[in-house]
């Protein structure tokens, strides 16, 4: 039979039996000598039970008879018949592409420059090709794995060797963990779907690792090292290069993986700034500013910060700031005269920004990369629908808001536009700004009591 094995405390099981949940969710106790089960005891707080998914046979009157149902070890052979290769199927939903080139595994560990006293965290160890090399050089390796099958495999790989005492396996999703285990180095053949969350989780750590050597999809790796003006320049590029130094290590072809992915990969080395070198700025605050700026990175900062959702968020944060600092605010509704004055000021600003946008559009290079990155262009749309959209946009622009505005909302909007104008960044696009521009913008906003976290 094929079974799912439940992890449990060692003392909760009889010494001669294993707790097994069958396909009908019926629990049963089986002896450790059962042909379908093997007990693995790693050097951690809990024992692992790993499943041998090979086809099991039951003795009958006519000899052995195969148990029905597929299993992760079955693969289609010639003639469409299932063959047993004793290798479980890789789950692409988990991004399981095992690195099979030992030279690249060696290079990843070597570029981390591990010390005998280092604690290493590896995300997605797979079958342990990188893990065993890190164990040979580090004091301890904490492997975080989502797939229990892989957790059992990497444990069995060092079972009965001196390296087993240095390995700890944690089953779970590293992104959903409250915090990443403290470590000196982070290494990973990173599942592509968690690339960005893993980077931000590492950078947001109060005490980040000394070094991280990570493998990513090639396009994602290029975003990490992109510079202002590049097509791939993004919020990720600014954050990584503000909180750390990033360097490209090597290119890795898809043929070095099993099963091979559809894209090429790159290895990068990230060294987070620590101690006195780390900027004395809240990560959430700086990242909050970048989220707004890069929401539409090809639009001007003035357009980005004057979106309705952004204005509402800044208004809420400004009220909290005033409350904490005992600053009196007038939350009464704005009068018609107030709205008219604010509208005239905004109209003048809009005209100025439109002229600057036209000048910038004339000077921009219309290459293929920029056109691909522009999200709101649709050249294939029929003329009728374009005219309809233009008419609807004009109608919406002339329709006044039904929600009454408070005086605080007008004050916050005036403060935002004041900062954008005084810094000279109102007409710039996020993709053209560097770290100094964003720092200048954040400082000016803080001086006006505007916060983003």
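Placed from the backbone N, Cα and C atoms, the Cβ positions cover glycine too.
What TrEMBL lists as S-adenosyl-L-methionine binding site is 97, 99, 124, 145, 173, 189. Counting only residues at least six positions away in the same chain, the Cβ atoms of 124, 125, 126, 151, 154, 169, 170, 171 sit under 8 Å from the Cβ of residue 145 (S-adenosyl-L-methionine binding site).
According to TrEMBL, the feature compositional bias 'Basic and acidic residues' maps to 63-77.
Taken together, the residues in the domain 'Ribosomal RNA adenine methylase transferase N-terminal' (104-274) have a mean pLDDT of 94 on the 0 to 100 scale. Residues or ranges marked as domain 'Ribosomal RNA adenine methylase transferase N-terminal' by TrEMBL: 104-274.
Taken from TrEMBL, the feature region 'Disordered' covers 57-80 (among others).
Residues or ranges marked as region 'Disordered' in TrEMBL: 351-380 (among others).
Among the residues 97, 99, 124, 145, 173, 189 said to bind S-adenosyl-L-methionine, no two Cα atoms are farther apart than 20 Å. Between the listed binding-site residues, namely 124, 173, 189, the fewest other CB atoms within 10 angstroms of a CB are found at 173. The Cβ of residue 97 (S-adenosyl-L-methionine binding site) has 24 neighbouring Cβ atoms from other residues within 10 Å, across all protein chains displayed.
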